[in-house]
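These notes concern the structure reproduced below.
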């Protein structure tokens, strides 16, 4: 009897090694059944090719936590993992682009935030909060304050880490992390300071070059050039590869009047500059190693000569009766610049603003989609009686003329803002996946999306410009909110207000 049992075990082991003889089901090492590779599903024949799972079928199964195929289906939950891993290796499946497939989870989390879930970080007498910035790994939240100081918090535990007393001699306007340890700050004292999180007792160095308030900082990760802009109209590049305690080499890259904000696209191929006179400057095929002269661009020379003395004095000229739509743009031929280089070709765009065709606008805030699909602006009328948030898609394709740049802007979404706190700049932001927009909204914040399902912009582009969809409004401040920021790594959002309070929002589990 024992010999017969040993024989049966031996035959069973051999059959496991050989696999199923009928090309049907097999058994994995854990003992669960699954459909063997190259075998047919029940009810199919060799003349009927099996269908691969479609994108829609995968998306519809995410809500229930199951991944189903139309023909090849694992016969147990344990083997879902093996099929999922195989699809991932082949470049298919839900983790190839996790933001794209799992957005429903993030949307439900963000929409579940309540004011009671916010954690208030008191800034005491440090003045208004002008800017918020997370480190790339989300471990540090830096706060730029009106009264010369920078505050550092641990956003996960809400613990105060450090206060950089007298970080500058005037209000701090903007903070930018170069990596997880180095960050830069800029101020109305016309300087930029570099800091190291490992040694916060003193600055790494102070950069001098601007002659007026420095308002924002960008960083080109390809060349490791720091790029700053200020109300002196200058855009300056700083070579951080060669910085010392005395500073680092710098040069003036560009100059224009009425400059408000400057941004680089995520791939650093374009630079956008917003102005207080209502138009945007876009530099295409960006090369930051060059120094550009305004005289190289005919359209900027024309704008300088046609600007009236009154508007030049005010610093915020109106467009007057100029009602050109966004599609009628003025271009500067790159081939006519010095040297005929195709790099740094300039496009001047007067963005279309809903209901504001015959009125001047000031573009106060400028942000870019994290995937470089669109630009987000907040603008106000010159009389400060209306305020709008607008999204413009980058239109890639054939140039309008042979000498024209290859890109323009199209208004896709917009919404009118509360227009509370006139005269103050409100900084809005995209979520890390680009599906949500957070905008200061009176004494709170407003979460918005391109449609009710919080879809990707490319999946819900309207034929005509449409209104942004409000996901949720949260009121948790006692004063006007000036700035907002999403965490790059956690489901968390921060906002800062005029009275100096920082609020953190996160779902309550």
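Yeah, the Cβs are placed from backbone N, Cα and C, and that goes for glycine too.
Unlike curated records, TrEMBL annotations are generated automatically.
Because the structure is a prediction, the values reported are computed rather than measured.
These come from TrEMBL:
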type	residues	note
COMPBIAS	1-15	compositional bias 'Basic and acidic residues'
COMPBIAS	41-61	compositional bias 'Polar residues'
COMPBIAS	314-327	compositional bias 'Low complexity'
REGION	1-61	region 'Disordered'
REGION	305-353	region 'Disordered'
REPEAT	165-198	repeat 'WD'
REPEAT	207-239	repeat 'WD'
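Sorting the repeat 'WD' (207-239) by DSSP state (H, G, I as helix; E, B as strand; all else coil) yields 0 helix, 21 strand, 12 coil. Note: the repeat 'WD' (165-198) comprises 0 helix, 18 strand, 16 coil (DSSP; helix = H, G, I, strand = E, B). Within the model, the repeat 'WD' (207-239) carries an average pLDDT of 95.
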